[in-house]
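Encoded as structure tokens, the structure appears first; notes follow it.
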Amino acid sequence: MDSRNVLIIYAVNVERKLNAAAHHTSEYQTKKLVLRRGQIFTLKVILNRPLQPQDELKVTFTSGQRDPPYMVELDPVTSYRSKGWQVKIAKQSGVEVILNVISAADAVVGRYKMRVNEYKAGVFYLLFNPWCSDDSVFMASEEERAEYILNDTGYMYMGFAKQIKEKPWTFGQFEKHILSCCFNLLFQLENNEMQNPVLVSRAICTMMCAANGGVLMGNWTGDYADGTAPYVWTSSVPILQQHYVTRMPVRYGQCWVFSGILTTALRAVGIPARSVTNFESAHDTEKNLTVDIYLDESGKTIPHLTKDSVWNFHVWTDAWMKRQDLPHGYDGWQVLDSTPQEISDGGFRTGPSPLTAIRQGLIQMKYDTTFVFTEVNGDKFIWLVKQNQEREKNILIAVETASLGKKISTKMVGENRREDITLQYRFPEGSPEERKVMAKASGKPSDDKLNSRTLNNSLQISVLQNSLELGAPIYLTITLKRKTATPQNVNISCSLNLQTYTGNKKTNLGVIQKTVQIHGQESRVFLTMDASYYIYKLGMVDDEMVIGGFIIAEIVDSGERVATDTTLCFLYSAFSVEMPSTGKVKQPLVITSKFTNTLPIPLTNIKFSVESLGLANMKSWEQETVPPGKTITFQMECTPVKAGPQKFIVKFISRQVKEVHAEKVVLISK
């Protein structure tokens, strides 16, 4: 053959801008092409001469971190399909050939090498595709796709059910190295497993946790001197970028940080995801669908008996996908949780667990549905432990059937507001459906289950949980209800602790005891504790603290006892931020912040910071101490590097006051 007639590939143009716009991947900060499976993309091939009918033109795609690789070989001349892929010649003009390639809707996701004949055309990423109706992560609503795939900022919801606080969070799934980091973490999957969002999401969930050899190390000790305190993080980006560069675990995280990086990773690879908060979240170590709390007669928790716990809140991630591994009816949202709590198949992970199975009490549906069901549905039993002639006697004094799994929350689609999604997880408390679900999950008849969790107390107790301005005295309003109006003497005992959101008690603040005579069918009792009992202990651990405890009321004549618990979160409002509404790329803008120390103690280890995806780096400013009553003002100059609406988060942090923040969206023009 005349060498002048040999077909030679001079170049392959992957039409990066054109394809990225069509595939909703323009925001990824990588020089490589990013595509979504099941959708057409275009290649422009430059030849040494016009293509002729007898010429052989083959396009080969290979992927996989294990041998043998996943390989697809296509012939645009014949247009035959291979593994669901197809290529066609869309246009031919002289030495230019335009190829339209359609990848399979169930193709392996990950990095691909592309070759046209012997010409190496580079590397691209192939993602799951919620826009493709044949993809198992298909999501029909454009508004939901914009939120759960494309939105790179959002909120975590924290606090407790009666005082929900929002924490701005930057997911940053399009930032530099994030996509590469996510696919690097999937090395343990076989090539064919990379087709399946169930297996990919479970693997990503596993690898977010350093205990499994992954990204983030959990720590709830209050000592974070050799890392970053969990409450300091407001973005997934520095965590995943640090792990990508160092290949070492990042220190430290707690549940909302694990959810943040998991949501980022899932959105990055194309699986719709949302961070979800469950308030009053049960941790049932015995898997008996109850949380058992044991108290002494003053209301103090007995640690060696109390193995279960109730977290003020717990944050996990929901991912959207079809469950082709389960019977019909379990598609849609699935719970995934990277927080290291329980071992599942040899590693710390939870899910994916279908919300429909959780709601129906079908705890046998994989994965880990029993654990999630108890978090949102369990009953809380409070036991009084009495010492009687050197023997302990446990007396059940409270059964709470509606105190766990409250106000399950996520960011609303298209709005910077909280959405309550509790009814996606469970039927209304006390409804016939809820009783049937509890019976199904527990394996007991519904009547038996209902009776076993009912106490016929003549006295009922509740507490009004007010917010607590940091530095103010503690005020508790106890309400006692009964059927009789006969005067009765009642002993009240309230034990309060400074503790973390998981219920981990750092110090006991004291016991308030009071004997009152109640009249009528409803009475109120007021308990107080001076701020000095807690204010000097705020800096003892590097965690955001709450006040929590139990209250026991005893009718003196009959000895009948009832109990309830209380939680108080601190508020601190002496913080203001001023920043412009508009700015320009590469032109400095000034942010001014003021903070007043209203406490009677000095604040130490002060740090102000400004974060935004519109900035090249986080900006920070530090000061050792702010004396009582002192106001400090700082100005920080920031230079935006990205155009468009950019969210700026300004934070104040100290050893005693953990994270006060403000946020504002600034419109940055070119």
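Glycine residues also receive a Cβ, built from the backbone N, Cα and C atoms like all the rest.
Within its own chain, ASN151 (N-linked glycosylation site) has PHE171 as residues 6 or more apart in sequence whose C-beta sits under 8 angstroms from its own. For the recorded site, ASN151 (N-linked glycosylation site), the DSSP three-state label reads coil. The N-linked glycosylation site feature in Swiss-Prot is assigned to ASN151 (among others); the stated evidence is sequence analysis.
Under the heading N-linked glycosylation site, Swiss-Prot lists ASN219 (among others). Annotation note: ASN219 (N-linked glycosylation site) sits in a coil segment as assigned by DSSP. Taking the Cβ of ASN219 (N-linked glycosylation site) as centre and 10 Å as the limit, one finds 20 other Cβ atoms among all the protein chains shown.
The annotation active site is assigned in Swiss-Prot to CYS255 (among others). Every protein chain considered, the tally of other Cβ atoms within 10 Å of the Cβ of CYS255 (active site) stands at 27.
The secondary structure of ASN288 (N-linked glycosylation site), as reduced to three states from DSSP, is coil rather than helix or strand. With a 10 A radius on its CB, ASN288 (N-linked glycosylation site) counts 13 other CB atoms from all the protein chains. Positions annotated as N-linked glycosylation site by Swiss-Prot: ASN288 (among others).
Summarising the annotation, Swiss-Prot assigns active site to HIS314 (among others) and lists similarity to another entry as the type of evidence. The Cβ of HIS314 (active site) has 25 other Cβ atoms within 10 Å, all protein chains considered. DSSP assigns HIS314 (active site) to a strand segment in the three-state reduction.
Proximity of ASP337 (active site) to non-local residues of its own chain (separation of 6 or more, Cβ distance below 8 Å) is seen for CYS205, PHE258, SER259, TRP316, THR317, ARG349, THR350, GLY351, VAL372, given in sequence order. In the three-state DSSP assignment, the secondary structure recorded for ASP337 (active site) is strand. Taken from Swiss-Prot, the feature active site covers ASP337 (among others), and the record attributes it to similarity to another entry.
Taken from Swiss-Prot, the feature Ca(2+) binding site covers ASN377, ASP379, GLU429, GLU434.
Its Cβ taken as reference, ASN456 (N-linked glycosylation site) is surrounded by 4 other Cβ atoms within 10 Å in the chains shown. What Swiss-Prot lists as N-linked glycosylation site is ASN456 (among others).
Cβ contacts within 10 Å of ASN491 (N-linked glycosylation site), excluding its own Cβ and spanning all protein chains shown: 15. As annotated by Swiss-Prot, N-linked glycosylation site applies to ASN491 (among others).
Counting other Cβ atoms within 10 Å of each Cβ, the binding-site residues ASP379, GLU429, GLU434 show the lowest value at GLU429. Report note: the Ca(2+) site is defined by ASN377, ASP379, GLU429, GLU434, and the residues of the same chain whose CB lies within 8 Å of the CB centroid of those residues, excluding them, are GLY378, THR401, ALA402, LEU404, GLY405, ARG426, GLY430, VAL437, MET438.
The two recorded residues, GLU434 (Ca(2+) binding site) and ASN491 (N-linked glycosylation site), show a Cα separation of 35 Å.
Cα to Cα, ASN288 (N-linked glycosylation site) and ASN377 (Ca(2+) binding site) are separated by 12 Å. Following the DSSP three-state reduction, the secondary structure of GLU429 (Ca(2+) binding site) is coil. Taking only the Cα positions, the spacing between ASN456 (N-linked glycosylation site) and ASP379 (Ca(2+) binding site) is 17 angstrom.
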